[in-house]
């Protein structure tokens with residue numbers, strides 16, 4: 001672990017890193033879903049650490065206008081899902097892959113669009129200028145890490161779709177509505193570090 005990440009962001013980020021590393025995720029349950037994707041959970045190392053999130057462009061075919069982490073489908077040339085997440089983050093929000101300090105990954109989650117999505121947790125220095133790829137990203141925003149990890153901010157709705165019951169998580173931050181897979185990923189991270 002580079003001292004720059006800890007010293008720039010203080011004790012609270014060090015505590016998060018320690019808890020994350022001490023409580024590694026349990027292996028996910030088997031899924032017959034053979035389509036793989038990965039997202040980067042970018043933790044920006046500010047004096048008060050933040051999560052960087054995107055609002056997807058309104059013209060996209062899937063998940064248009066939704067809040068999401070940068071990420072996408074694994075390409076055949078990707079050597080790992082970590083590489084997938086880093087490649088997508090560079091394409092979508094201009095985070096150089098070389099600038100990300102990967103802490104680890106969470107267990108995969110199944111998406112409503114048929115992908116098994118693996119969240120990759122990474123630290124990003126605060127001196128990077130983030131800008132969204134206009135074709136994919138309508139906007140960027142940050143939420144304080146410890147606000148995002150407060151479990152009491154997440155609500156759920158049980159829905160019946162396609163003959164199957166699903167629990168959908170949702171939350172708000174200022175004017176941003178965070179729901180679905182993105183809310184489920186943040187909630188899972190919060191459960192793992194138990195802050």
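Cβ from N, Cα, C; glycine included.
Range 72-94 is the one annotated as motif 'Nudix box', of 26-48, 49-71, 72-94 (source: Swiss-Prot).
Around residue 92 (Mg(2+) binding site), the same-chain residues six or more apart in sequence whose CB sits under 8 Å from its CB are 54, 70, 71, 72, 132, 133, 136, 137, listed in sequence order. Residue 88 (Mg(2+) binding site) has a Cβ environment of 27 other Cβ atoms inside 10 Å. Restricting the average to the domain 'Nudix hydrolase' (34-165) gives a pLDDT of 87.
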